[in-house]
Ligand SMILES: Nc1nc2c(ncn2[C@@H]2O[C@H](COP(=O)(O)OP(=O)(O)OP(=O)(O)O)[C@@H](O)[C@H]2O)c(=O)[nH]1
Ligand SMILES: [Mg+2]
């Protein structure tokens, strides 16, 4: 009886967990993105009220203004990795299955010398977020080549060609010199979009600092992670 009750309890409380890698060149905004998600979403065992208290405790005023909080933080270039797990909530209540999952993010350093480490994480990842600094036009080509290296990595073939969804975020759209989505799609990244046509790929404009487009982007990713569940089953926590 005890075992039955325990298994029913586990069944009811356990959550699907998807691992998401945050990749991109150095200075793209990966750690800023992760830090902002920490403020926007509760942690797995945290209530919404506790999250609110946590956010307000790091705010200078009484406002839950996550952009101001994130701007006041000093974020250093990443040398190793940062991880965070969030409890995801879809804005569409009817998508109840997407309301009961955790997302575990791995933010890896983007400096050239650190990129060779990325592939170690591919086997256990369910999705990739690739962040682009939309103002760094001189490195668009490098961005393109880096993304192609990820997509062509031999790990995917070893795993029976089970690729994962890739969400490309054109970051820093708050800056006047940022290249907009249309120009990005028709410029160097037209090749990415056509080369990876068969892959589950989406390019969206965001400002990580100003919290523009973050929730919408995650919602696209979660929908695709769930769609790809047959190829890459989630972990259960
Ligand atoms: N204006 C603007 N600046 C941003 C935005 N997102 C990040 N930044 C800035 O970009 C710089 C680099 O951000 P990080 O998050 O450290 O970049 P990273 O991709 O983690 O870099 P590495 O750890 O070296 O790989 C910081 O000065 C951020 O404040 C944004 O949306 N708008
Ligand atoms: Mg970083």
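Cβ from N, Cα, C; glycine included.
It should be emphasised that the depicted structure is a prediction, and the values quoted were computed from it without experimental measurement.
Taking a C-beta cut-off of under 8 Å and a sequence gap of six or more, residue 174 (GTP binding site) has these contacts in its own chain: 207, 209, 210, 212. Among the features that TrEMBL reports, GTP binding site is placed at 24, 25, 26, 27, 28, 29, 30, 31, 110, 171, 172, 173, 174.
Sequence annotations record features per position, and here TrEMBL assigns Mg(2+) binding site to 31, 78. Reduced to three states, the DSSP call for residue 31 (Mg(2+) binding site) is helix.
In the vicinity of ligand 2, defined as a Cβ distance under 6 Å, the following of the binding-site residues 24, 30, 31, 78, 172 are placed: 30, 31, 78.
Per-site Cβ counts within 10 Å over the binding-site residues 30, 172 peak at 30. Compared over the binding-site residues 31, 78, the count of CB atoms lying within 10 A of a residue's CB peaks at 31.
Cβ contacts within 10 Å of residue 110 (GTP binding site), excluding its own Cβ and spanning all protein chains shown: 23.
For the pair residue 28 (GTP binding site) and residue 78 (Mg(2+) binding site), the Cα-Cα distance reads 11 Å.
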